[in-house]
Number of protein chains: 2
Amino acid sequence: MFDVRPVGYVIGLLVATLGATMLLPLGIDISMRNGHWPIFAESAIITVLTGGLVALACHNGVGPSLTLRQTFLLTTLVWAALPIFGAIPFMIGETKASFTDAYFEAMSGLTTTGSTTFSGLDTLPEGLLLWRSLLQWLGGIGIIVVAMVFLPELRVGGMQIFRSEAFDTMGKILPRAAQIASQITWIYLGLTVIATLGYLVLGMGPFDAVNHALTSISTGGFSTHDTSFGGFQGAPEYFASVIMLVASMPFVRYIQLISGRAEPLFRDSQIRAYLAFVAAVSVVLALFQVFYDKEPLEPSLREALFNATSIISGTGYASVDYQEWGSFAMVVIFFAGLVGGCAGSTACSVKIFRYQLLFASIRQLVRLLHTPRGVFMTRYQGRPVGQDVLNSVMSFFVLFTVSLGLLSVGLAMTGLDFTTSISGAATALGNIGPGLGDMIGPSGNFEEVNVTAKWLLSAAMLAGRLELMAVYALFTVAFWRR
Amino acid sequence: MFDVRPVGYVIGLLVATLGATMLLPLGIDISMRNGHWPIFAESAIITVLTGGLVALACHNGVGPSLTLRQTFLLTTLVWAALPIFGAIPFMIGETKASFTDAYFEAMSGLTTTGSTTFSGLDTLPEGLLLWRSLLQWLGGIGIIVVAMVFLPELRVGGMQIFRSEAFDTMGKILPRAAQIASQITWIYLGLTVIATLGYLVLGMGPFDAVNHALTSISTGGFSTHDTSFGGFQGAPEYFASVIMLVASMPFVRYIQLISGRAEPLFRDSQIRAYLAFVAAVSVVLALFQVFYDKEPLEPSLREALFNATSIISGTGYASVDYQEWGSFAMVVIFFAGLVGGCAGSTACSVKIFRYQLLFASIRQLVRLLHTPRGVFMTRYQGRPVGQDVLNSVMSFFVLFTVSLGLLSVGLAMTGLDFTTSISGAATALGNIGPGLGDMIGPSGNFEEVNVTAKWLLSAAMLAGRLELMAVYALFTVAFWRR
Ligand SMILES: [K+]
Ligand SMILES: [K+]
């Protein structure tokens, strides 16, 4: 028999923890005297109690280790279950959202996607706004742990390349996760404080500064304003670009950095390729603005840098409606979003290291063309890469592309137009945030999207966040066959 | 030293042959007394003379065999050089096309893409119309030979899976090509005759019947009318669907069939998957029409079958503007075009067998998830598939997707809009024909596309037709390094 109790136990604990964090928005609503705090009291009680009861009920089934199937199930179920509870404040609070909208919003938060179904953000109670930001912040740290511990161990999407040698058996996955989580938490907290201070210094109010710090460092992209970053043009855009870049680089390098080893950070080829790509896209977009639209250089470069970084890191803020830059910018931004940031960070989408591995593998193939019996090893960061890693990476790429196609078809079936369907599929699978077009573009939101499409997008955010295979495997016969 | 003379010799002969086929449009122009025949006389003389001189000049360098590099170079140069001569009648003839437009048209013909830069087809001299059709017919038979002989031998895009056991050394590639070409020619001619007779019986005039037979059997899609197949609704649509399906299935099965072995045709899993896919897309499109737009069943099913088959086989006729069916049809047709027909036929794009191999490989990966040390062999058509084939297929998929992205960006840079850029890139790389949107959609053509974009599209048609790697390899250092 497959024992789901260890899975239920961990999920129960995490749900209870999510409930406990509701005390933060509760606190801010009390201090702001906006009369909205009972919503969070209610939500917290429901969530902590449910989580606690589930954990208690499953407690007797917890052994020293998780099997591989249990770990797979845990990873997906955590991200499917938490949004149910994260959604409660949106349903009973001032947003009075339907379950569809509330679940979408919470999923968009916890997966750090940042697509929103709400408009009129500027007038919402502070607690609700903080709750959206907190969901992203929690989701961000959660995904770093999953990307550093679970996915490499589950050998999903080629992430096994980041498997640490120090890391031995499956049985120890939970202690290891706890250890990494505590290291990461300090770094993540520290970066959040730095981001907050920076935004404060550059002129944001304290509440905006905290919220944008929470959603920058998680590459989440929720804002406290309908205009996203439109109200913070100038220096905050440069600062936010740096924060988003930091947030989308491998966090293991920061662990090494604070333990005194800086050179892995500077020698990481993934980081170099990533920064080069962001710089290239920014410069191209800026030059296009300067030469074709005769815009001055400084704002063009700043806006290009900010919005390109925002999309490529998967954050999804917008400081202008870049669709007004023309179709070239739209196409560049669409495909740049499918590149994504670095593995082992809060960034999403296909990610730089996969392109590096894929191109390295294609280079070997060209060599094999003229030396069919040659043995060429694909290398990454100086080390040889096993065929199993390459197969995982290539399969991820195929799954991502095919998912993009099928999801686009599904979205179009619900009546969305061509651009909205394709860009909506990309933004959800890549956990980016905004799509293209009038409806879900950087100036719009997902409020008017139909119910079926919202559920499709919620599922896609989940699958995309967990590198597809961690979710898809659960739906295959081959996975459950003994 | 790299000896280009054997390459030049073959290209010279093929150019001269192309020149000789100009006698056919010359003949029809004489018999139609439209006064246009001197154009083809002139073109034929230039082409035959140039080709003959090149062949003569290179004659002394021809040895008994081609090296691998020579074969690569030959494959690409043939498809780059022939359109130069195929373009002559369009430049000096009534179309008075620029070299850009004429080369684009000839490339679109020889790669069996079928995108056209001409409007007012119905009033063009018969010779020019027949020339367009002949370019596709010649390109179609050419590509079958390349797909059956050259690409498997060059191990491009996983085509080595179709490498015949009977086929031994590289040295014999030209005799083998000649042998296959002669077998295929009879089948191809026979099918063309059948198609012509069918179209005649179903009501087309003799000239239309011949031209549409030539461009159906080559999945080319050039028509003699601006409205494409719009004037032949009804029974001809069903018949054309069958012809297009036959043209996009592996021709090796027909060789086997006429030598008395029918069961390989019926047991080919690629054919089964292909027909199932076409049927599924047709039914979904038809049902969507019936239920949402309250259209009657028969025309809906017929139009869905014809237009879906046309896109998936890579033919590119349109009998209606399916964009009027709504965004669902547009998205389905966009992605269906990226699936494509069967290998070893005149069909293009990614092709069914690659998806079969990719999914089989992903299935093995799922099995490996829970049995990490297991050894699972990916199988295709009952036989194990080597990792080198899987790597080639996956690399093809990555190259195709990345090319699609870069080409879209390039097209958008020239000023084309989002839908036109993305669908234009797909239709050129997949050798399909029509794109989406007002400009290059099924009711439009490529006349108004800017010059830069036309050259990008011409290059993409060439690369797509030769399965990318046969062209890209020539541009890598690794390929030329000793
Ligand atoms: K995001
Ligand atoms: K075509």
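In case you wondered, yes, glycine gets a Cβ from its N, Cα and C as well.
Automatic, uncurated: that is what TrEMBL annotation is.
Sequence annotations record features per position, and here TrEMBL assigns transmembrane segment to A:7-28, A:40-59, A:71-92, A:134-154, A:180-202, A:238-259, A:271-292, A:328-353, A:389-413, A:455-480. For A:T112, A:T113, A:G220, A:T315, A:N431, the entry in TrEMBL reads K(+) binding site.
Across A:134-154, A:180-202, A:271-292, the stretch most heavily in contact with the transmembrane segment (A:455-480), judged by Cβ pairs under 8 Å, is A:134-154. Tertiary proximity for the transmembrane segment (A:389-413) is limited to same-chain residues at least six positions away from its ends with a CB under 8 Å from its CB atoms, namely 155-161, 350, 354, 357-358, 361, 378, 420-422, 424-426, 428-429, 453, 456-457, 460, 463-464, 467-469, 472. Away from its own ends, the transmembrane segment (A:134-154) comes close to residues 18, 21, 24-25, 68, 71-72, 75, 78, 86, 106, 109-112, 114, 160-164, 167, 170, 173, 176-177, 180-181, 184-185, 188, 192, 214-215, 217-222, 247, 251-252, 343-346, 465-467, 469-470 of its chain (Cβ-Cβ under 8 Å, at least six residues beyond either end).
Here the transmembrane segment (A:7-28) has long-range neighbours at 37, 40-41, 43-59, 61-62, 66, 70, 73-74, 77-78, 81-82, 85-86, 89, 126-128, 130-131, 134, 138, 174, 207, meaning same-chain residues at least 6 beyond its ends whose C-beta is under 8 angstroms from one of its own. When secondary structure is read from DSSP and collapsed to three states, A:G220 (K(+) binding site) falls in the coil class. Under DSSP, A:T112 (K(+) binding site) is assigned to coil, being neither helix nor strand in the three-state scheme.
What surrounds the K(+) site, by Cβ distance within 8 Å of the Cβ centroid and not counting A:T112, A:T113, A:G220, A:T315, A:N431, is the set A:S108, A:T111, A:G114, A:Q136, A:G139, A:G140, A:T215, A:S218, A:T219, A:G221, A:G314, A:G316, A:T346, A:C348, A:I432, A:G433 from the same chain. A:N431 (K(+) binding site) carries neither a helix nor a strand DSSP state and counts as coil. A coil conformation is recorded for A:T315 (K(+) binding site) in the three-state DSSP classification, outside any helix or strand. In the structure shown, across all protein chains, A:T113 is the one of the binding-site residues A:T112, A:T113, A:N431 with the greatest number of other Cβ atoms within 10 Å. Non-local contacts of A:T315 (K(+) binding site) by the CB criterion (under 8 A, 6+ apart in sequence, same chain) comprise A:G114, A:T215, A:S216, A:T219, A:G220, A:G221, A:M244, A:A247, A:S248, A:T309, A:I432, A:G433.
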